[in-house]
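Among the features that TrEMBL reports, domain 'NADH:ubiquinone oxidoreductase chain 4 N-terminal' is placed at B:50-126. Residues or ranges marked as domain 'NADH:quinone oxidoreductase/Mrp antiporter transmembrane' by TrEMBL: B:134-417. According to TrEMBL, the feature transmembrane segment maps to B:6-23, B:35-55, B:85-105, B:112-130, B:136-156, B:208-229, B:241-263, B:275-296, B:303-322, B:334-352, B:373-394, B:453-471 (among others).
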Amino acid sequence: MNFVVPDFYPAAAEIFVAVMALVIMLASTFARSIARGLSYHLTQATLIAAAFITIFTMEGEVVYTFSNLFISDLMGDFLKLMIYFSTAVALLYGRAYLGDRKIDKPEFYLLALLMTLGMMVMVTANHMLPMYIGLEMMSLALYTMVAFDRDSPRATEAAMKYFVLGALASGLLLYGMSMVYGATGSLEFSAIAQAIYNQSANQTVLMFGLVFLVAGICFKLGVVPFHMWVPDVYQGAPTAVTLIIASAPKLAAFAMAVRLLIWALFDIAHEWQLMLMMVAAASIVLGNLAAIAQQNIKRMLAYSGISHMGFVLLGLLAGVVDGDRHFALNAYSSAMFYAVSYVIMSLASFGMIILLSRAGFEAENIDDFKGLNRRSPWYALMMLFVMFSMAGVPFFIGFFAKLSVLQAVVAAGYFWLAVLAVVMSVIGAFYYLRVVKLMYFDEPVDVSPIHAPAEVRVMLSVNGLAIAALGLAPQMLMSLCAYALLGSL
Amino acid sequence: MTDIPLLSLAIWIPIIGGLLVLATGSDRNAPLARMLAFAVAVAGFVVTIPLYTGFDATTSAMQFVEMTSWVPRFNINYHLGVDGLSVLFVILNAFITILVVMAGWQVIQDKVAQYMAAFLIMSGLMNGIFSALDGVLFYVFFEASLIPLYLVIGIWGGANRVYAAIKFFLYTLLGSLLMLIALLYLFMQSGGSFSILDWHQLPLPIEPQILIFLAFLVAFGVKVPMWPVHTWLPDAHVEAPTGGSVVLAAIGLKLGAYGFLRFSLPIVPDAAQQLAPLMITLSLIAVVYIGFVALVQADMKKLVAYSSISHMGFVTLGFFIFNPLGVEGALVQMISHGFVSGAMFLCIGVLYDRMHSRQIADYGGVVNTMPKFAAFFMLFAMANSGLPATSGFVGEFMVVLGAVQFNFWIGFVAATTLILGAAYSLWMYKRVVFGKVANKHVAELEDINGREFAFLAILAFCVLAMGLYPFPFTEVMHASVNELLRHVAVSKL
């Protein structure tokens with residue numbers, strides 16, 4: 001047996017982030033007095049540098065390394081860039097919030113970086129093991145971050161729930177992986193696909209494995225019936241952490257779904273499409289209906305997120321029609337476009353909550369948005385963009401996200417799903433409209449001026465304007481998604 | 001001349017101007033915001049004038065066409081153009097915008113910049129609806145125009161404004177999202193085109209045609225509004241500020257009717273023929289039943305709102321009897337209704353600004369204190385009831401004539417509107433204006449000022465001009481209407 005030195009080049013970004021995580025850990029231990037600022041700035045610098053490394057090491061074709069455990073392709077690179085971007089924005093929004101609550105310990109940023117590393121491993125995994133390791137790395141960091149405000153009983157409770165349910169989901173996923181291994185004799189995605197294609201896999205075991213894998217994926221995406229943790233965790237976690245949970249991990253979970261379902265299990269698409277169909281329909285219905293009843297805006301956004309993830313699944317399930325793969329690229333890139341759009345909107349929505357919060361005051365209730373137009377017309381306008389965009393009203397990016405997913409669903413011939421989705425969107429529009437109503441039609445109850453660091457204000461404005469600008473010119477992001485997936489299918 | 005993208009200017013001057021007005025900020029700059037808004041509204045109107053003067057009435061083809069790729073991924077184009085069916089509405093819309101800005105000049109003292117900006121942006125978006133030739137572009141403008149009106153009703157509306165605003169939004173959203181699915185289906189069937197003109201030529205079997213027709217019916221029927229999905233309109237009208245009511249009645253309702261002409265009839269002609277009895281029945285119910293409902297209203301705005309629904313029933317009736325008189329009459333009726341209903345709401349606004357009441361019972365003997373106003377109001381009430389020599393007569397007469405050609409009894413039932421319209425308009429007018437001075441508030445009324453005189457006089461001129469000499473209006477539609485009817489007569493099966 002001879003040892004071949006693997007090609008490290010495609011994994012340069014992952015290696016860099018891992019090294020930087022260790023550097024930050026050491027630096028913040030030894031330079032305790034300036035650790036907070038140092039850790040934050042180093043983390044941001046690492047994310048930016050990682051983005052450059054990813055861009056420079058990008059290759060047009062698919063490259064495997066580390067004995068096929070690791071894959072570098074355009075989809076992975078694109079999603080990694082989006083993950084750096086959304087993590088960086090989330091940390092920027094959250095820093096002052098954490099500082100006001102005296103929980104901006106240097107370790108927080110370290111955990112965020114480790115979470116990013118976990119997500120990077122997830123999106124570049126070509127094998128069940130690194131997929132699982134990446135997932136756990138991300139999840140463990142997130143559990144800790146939720147519990148970061150350790151004196152808050154609510155946050156601790158949320159973290160406990162998140163951890164117990166998350167561990168259960170990991171168990172399900174692992175169990176499913178072991179069954180797929182038993183059925184196909186491999187953990188590597190392309191080998192699994194090959195085994196299924198050759199029909200050498202034991203169908204019964206494979207189906208059982210598939211069910212467990214889908215359950216695990218659904219848990220990580222936070223869709224019905226594996227959604228129970230979402231509202232509690234969103235509400236209980238410090239808003240700065242909710243912001244992180246509601247953005248980048250959705251992209252990582254999307255990548256996991258694509259790698260597992262489309263790469264490894266494409267030939268039994270018919271089976272998982274049915275499961276996703278039920279899950280998506282239930283998520284869209286329950287998410288929208290439950291959101292109406294919420295008084296807490298974080299819970300409302302949690303339920304709205306559940307319905308948005310239902311839309312992402314709609315895109316994923318519309319890819320194969322009667323064994324015809326002609327629609328695949330269209331449908332999967334629509335789903336990816338939806339996921340990316342959702343992350344952009346989600347960042348802005350939680351960013352607004354952070355903007356309205358201050359030391360000793362959480363702007364958690366929907367009523368805290370009352371009369372925002374009087375207090376600050378500009379940010380009311382930004383929140384208006386976010387809300388109408390989430391409701392799927394043009395000229396905002398959310399409209400084109402819905403349009404592309406619905407287009408894929410209609411092309412696949414699932415009219416009843418499309419009708420269900422739009423009827424639920426109308427019901428969903430009600431709670432978004434209610435936020436607009438409070439901001440514009442009601443008088444403020446809280447009249448204290450909004451104070452936030454300049455960088456948060458600027459970033460939030462950019463974020464809100466981006467929602468409008470991408471709605472006016474959605475083509476670039478759409479074709480990026482399509483192009484990124486093209487090489488991977 | 002042809003190089004200037006007139007339609008783009010008509011859309012984007014008000015929108016960008018509106019954003020500029022918004023940028024003037026707080027109410028300290030209110031005079032600036034008003035002046036700027038007025039300038040933008042006038043500029044927006046001026047660029048639409050060449051649309052009429054340069055319009056070639058001999059052809060039914062699209063004119064002033066602009067075409068740029070917008071979202072190539074789904075083959076969505078920024079494709080604009082007008083024909084005889086739409087050109088007048090673009091001009092009417094730009095014209096009404098000026099009046100709305102004038103009407104809000106003194107009344108609106110709170111968040112002036114936002115108010116003016118909302119109307120200007122809405123005006124631009126509505127021009128987009130009338131000139132879009134791409135399905136998604138149409139849909140985008142159609143939906144986006146809900147946002148400003150939602151805000152206008154909700155921010156500057158009356159006591160029950162929140163309910164009205166949300167009801168308005170959700171009703172319309174439900175309709176338009178079903179339409180979106182129909183658009184996506186057509187996109188798929190046509191092999192990846194969102195062009196409305198391509199869809200006109202697309203052959204379709206009857207079952208999908210009927211489903212598409214019903215999807216469009218929900219979208220446009222809500223917007224028109226047709227009985228029985230009309231209930232949002234009285235609420236929206238009553239709660240909206242005067243400007244909101246004017247825009248809603250003069251332009252907003254026309255969007256739905258226009259949608260029938262641009263989408264339902266030419267894209268699914270066989271379904272339209274098959275379902276015409278349904279449409280005629282709904283239209284007649286609107287004309288007669290809603291006419292009676294209008295009669296018993298105690299609130300002036302509600303009365304005019306119901307009268308609008310009744311008049312719009314006339315419009316949809318005209319479309320679905322499939323003869324040139326009916327369709328042209330309906331188009332004339334739409335434009336006339338734009339002037340007349342706008343004028344009625346402005347008149348009620350004039351009274352409301354002084355008395356802060358819209359109840360008919362609170363008035364009486366207004367003619368004694370406001371003679372000039374009473375004269376204008378008289379003219380518009382007459383026009384609303386379809387008196388000859390006013391614009392209201394022309395359209396109604398043409399539709400009734402067309403309906404009689406089609407079927408005597410349908411024409412007969414439709415003609416009752418002339419009686420009902422006169423009954424509710426003139427009876428309201430009598431109770432409000434004539435008689436002795438009813439109370440001391442009426443006694444303290446001041447007659448209209450120069451600004452109010454100006455916009456009422458302009459509208460009075462339009463109403464009379466269109467009533468006495470409608471040829472300039474019908475001239476431009478002839479070719480397009482004939483082409484549309486020829487197209488509808490050819491089966492797509």
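Quick reminder: no glycine exception, Cβ is built from N, Cα and C everywhere.
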Practice problem: Compute the average pLDDT of the predicted model within the domain 'NADH:ubiquinone oxidoreductase chain 4 N-terminal' (B:50-126). | Solution: 85
Quiz item: Is the transmembrane segment (B:275-296) packed against any residues at least 6 beyond its ends, judged by a Cβ distance under 8 Å, and which are they?
Solution: 210, 213, 217, 221, 226-228, 230, 303, 306-307, 309-310, 312-314, 316-317, 319-322, 410, 413-414, 416-417, 420-421, 423-424, 427
Practice problem: List the helix, strand and coil residue totals of the domain 'NADH:ubiquinone oxidoreductase chain 4 N-terminal' (B:50-126) as derived from DSSP. | Solution: 39 helix, 16 strand, 22 coil
Quiz prompt | Contact check, the transmembrane segment (B:112-130) vs the transmembrane segment (B:373-394), 3+ Cβ pairs under 8 Å, seq sep 6+ | solution = no
Quiz item: Are there at least 3 C-beta pairs under 8 angstroms linking the transmembrane segment (B:6-23) and the transmembrane segment (B:35-55), leaving out pairs fewer than 6 apart in sequence?
Solution: yes
Quiz prompt | Folded-back contacts onto the transmembrane segment (B:241-263), same chain, C-beta under 8 angstroms, at least six residues removed | solution = 85-86, 89, 92-93, 96-97, 99-101, 103-104, 107-108, 115, 119, 122-123, 126, 129-130, 138, 142, 145, 149, 152-153, 156-157, 196, 216, 219-226, 233, 301, 304-305, 308, 312, 315-316, 319, 327, 330, 334, 337-339, 341-342, 344-346, 348-349, 352-353, 484
Quiz item: Of the stretches B:208-229, B:303-322, B:334-352, which racks up the most C-beta pairs under 8 Å with the transmembrane segment (B:453-471)?
Solution: B:334-352
Self-check item: Positions on the same chain near the transmembrane segment (B:208-229), where near means CB under 8 A and six or more residues out
Solution: 171-172, 174-176, 178-179, 181-182, 185-186, 189, 252-253, 255-257, 259-260, 263-264, 267-268, 270-272, 274-275, 282-283, 285-286, 289-290, 309, 312-313, 315-316, 492
